[in-house]
């Protein structure tokens with residue numbers, strides 16, 4: 001088998017002491033930074049990029065990759081502990097993870113996230129090694145029409161993120177879509193809702209909005225009803241998973257891994273969609289459906305597995321085609337170009353040691369992360385025992401620096417503050433914020449791909465049903481919509497009957 | 001006694017005056033850390049050039065040159081910041097064809113005074129774009145064949161760009177205005193998504209920066225028809241220039257370094273000479289050529305004339321192509 | 001006359017309609033185009049109309065279905081004001097005072113949003129955060145911000 005000699009070559013590169021060391025530094029930095037609110041992998045890699053200029057290409061890329069998936073691990077920590085998702089993929093983890101923490105099960109939630117991510121990461125890395133080129137071909141099948149249909153499916157599925165009124169969840173999605181339209185219109189170049197502010201030309205920043213709506217808003221809610229010194233978090237019970245937990249997360253992790261691996265391949269939003277999709281799927285198939293939104297362990301396991309699998313497979317378009325699928329990958333391409341390697345379809349044949357070394361290092365990196373993170377869980381959980389009146393000012397402090405670091409501009413700090421007000425008002429009116437954020441993320445992609453498809457088809461809307469791929473996605477979307485609406489219609493009917 | 005004290009005081013005063021005067025003339029510039037604003041995100045071409053040059057300025061002038069990324073609004077946020085900085089040489093910044101020659105014609109409002117402009121230090125590098133087609137969807141082997149095909153099927157073909165008003169978009173508009181063909185512009189956010197859709201065949205052709213496109217050409221995924229510089233590109237030596245088919249067709253992206261308006265000429269001169277010297281070092285040249293660009297290192301006067309020409313050229317294209325103001 | 005059975009949702013529905021109207025008003029100059037030639041205003045306009053529709057439905061629901069009756073909440077205006085204003089103060093002071101003093105002042109101020117705050121603890125926490133953030137962000141991550149800004153004599157530049 002060819003693959004074994006390739007993997008052997010990769011192992012020879014990845015397991016060189018110096019590369020292992022840089023991989024470890026990357027994972028460590030990534031975790032540390034992922035834990036700090038607001039500092040996502042993009043900002044971190046951007047800040048640390050110059051440091052890698054002096055390194056060997058392999059070491060540089062292994063370290064940057066380590067930061068990337070280390071930050072994925074770290075990001076879920078803040079989502080679970082303080083309801084502060086540092087990046088789009090952990091918005092979903094926050095829903096049930098934070099509820100678990102409030103019920104004293106922060107340890108179990110963190111362990112689920114770490115183990116689920118490790119499993120998903122390992123499987124996705126294997127997939128990357130065996131099937132990168134065919135998967136890349138799938139990614140190329142997705143043109144504007146197919147992306148539009150995929151986004152529609154994602155939006156329909158996102159209604160499942162809400163546990164309350166469907167109508168209000170739809171309202172939040174549309175509000176999110178509207179917020180996503182702030183900034184320069186990609187097709188015409190006309191600025192929308194920018195009020196002459198240069199910083200708004202690129203739209204509202206996700207991290208700033210999310211830190212306002214989730215993080216600061218949570219602090220406002222906690223301070224409102226400050227009855228005890230440590231707010232809302234019950235006594236921590238059992239750091240590790242029980243046998244029952246393990247049984248419950250097996251299915252979700254497997255399904256999450258499958259979904260994440262497939263969606264992650266799609267550049268531009270695939271990996272983001274995967275955690276939402278995995279959560280929506282679990283909420284439908286899980287026997288513990290009623291627990292979702294109140295601290296279901298499945299609601300942590302599935303999206304965490306999906307987002308980590310997606311993070312690994314999102315390397316596929318970059319490594320096989322030389323085309324970065326997300327901002328982090330674009331930074332990696334930048335790093336490669338400075339190193340004198342131009343990523344392209346020939347990287348596998350021209351730089352086999354680099355390609356296979358990176359793949360093997362992803363696996364060893366995931367292993368390091370799980371070893372690094374499991375003992376840390378005890379430490380994180382102990383953090384929750386810090387009196388809240390000392391914890392929340394620190395959270396606000398880190399949020400402010402985090403928001404500043406996005407674009408090295410205080411503008412995003414103001415946006416964060418503004419959206420804490422929006423988030424709090426929405427909470428008072430009992431609107432749930434998760435569908436809003438999903439709408440906000442998907443909105444620009446939905447609109448761009450819709451209009452791009454219409455440009456290509458010269459205004460002919462049948463383009464969305466002519467492509468078999470797009471058609472089947474739309475059919476699935478309609479089915480999902482039916483499934484989502486059916487129970488509530490049934491319930492209404494039952495209510496009417498009982499009256 | 002008094003006289004003695006007076007003389008000492010006078011001498012001290014004089015020396016202080018002398019020191020401040022020479023400082024004003026840029027003799028002991030730089031005496032503290034210099035900030036280099038890059039108006040684009042880290043990891044891109046402008047950032048790479050900025051960092052390469054800053055690192056060398058560091059060594060040459062003996063002070064720290066720190067790169068700060070201030071991305072946003074096509075470079076306008078960073079340039080606004082540069083314009084507001086003290087014109088003392090301790091804040092300088094990078095600029096590109098879009099931020100310093102196109103945006104002026106494209107945006108209704110700019111966060112700086114268009115008339116004052118900036119003090120150009122030196123043109124660092126020029127990067128040609130290359131016209132690439134999807135070989136399966138577009139059975140053409142040369143620019144002439146492409147133009148014939150586009151004329152035969154007006155309005156049927158699409159070209160991708162990295163956004164409205166980028167040099168990649170305007171190269172397409174330049175093609176349309178110079179040859180009279182009717183083509184549909186499909187803008188993307190950044191060039192990677194755009195080139196992906198050309199490789200996949202969703203879009204027919206595009207102009208793209210040479211390094212990424214050249215890799216796709218080598219792998220046979222795209223066919224290169226011409227480069228947009230007046231000279232052939234080192235990364236694609238067999239590809240003819242657009243100029244040889246459509247005389248006067250030139251659309252390169254370029255990256256230069258600027259100081260805020262009103263910076264003392266001595267400091268401008270000192271920085272400009274340092275940058276020129278850096279760009280004439282063989283190691284530096286090699287590094288920039290490896291990135292698919294041509295190192296330049298012009299004087300500040302040459303750079304100023306160059307920018308003037310570029311601004312006028314793109315103003316005409318934007319007007320002819322009816323690109324809406326932002 | 002109809003009676004409002006769920007006041008919270010009634011306000012929610014009205015809020016959604018207000019949001020949509022704001023988007024329509026501020027986007028009134030954007031070219032809408034038509035469905036085969038969409039202008040920049042098309043998408044936001046359609047979404048705004050959709051949101052008005054949903055808002056109306058929420059209001060209708062609020063008139064028909066009674067709320068589940070949640071306990072009343074007490075407002076804590078001091079906490080709201082401090083937490084919401086803290087980032088704004090941070091943003092305004094950062095470039096002038098520098099990271100360390102800004103962080104210190106903000107943490108001391110915002111800690112009084114809690115009724116358990118005490119001077120000694122707040123100052124200690126603020127000092128810790130100021131030192132932490134300077135070491136972490138300006139030294140290790142080289143964030144482009146000074147530890148001490150131009151308004152701080154001797155230390156700032």
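Residue 1 is the first one shown; counting continues down the chain.
Keep in mind that glycine also has a Cβ here, set from the backbone N, Cα and C atoms.
Curation does not apply to TrEMBL; its annotations are automatic.
If you check TrEMBL, you get these features:
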- C:7-26: transmembrane segment (TRANSMEM)
- C:11-144: domain 'DUF1468' (DOMAIN)
- C:46-65: transmembrane segment (TRANSMEM)
- C:77-94: transmembrane segment (TRANSMEM)
- C:125-145: transmembrane segment (TRANSMEM)
Which sequence-distant residues neighbour the transmembrane segment (C:125-145)? Criterion: at least 6 residues beyond either end, Cβ under 8 Å.
94-95, 98-101, 103-108, 111
Six or more residues out from either end of the transmembrane segment (C:77-94), which same-chain residues have a Cβ under 8 Å from its Cβ atoms?
101-103, 105-106, 109-110, 112-114, 145, 149
Under an 8 Å Cβ to Cβ limit, what residues of the same chain, 6 or more beyond the ends of the transmembrane segment (C:7-26), are close to it?
44-45, 47-49, 51-52, 54-59, 61-63, 67
What are the helix, strand and coil residue counts for the domain 'DUF1468' (C:11-144) according to DSSP?
95 helix, 4 strand, 35 coil
Average the per-residue pLDDT over the domain 'DUF1468' (C:11-144) and send me the rounded value.
89
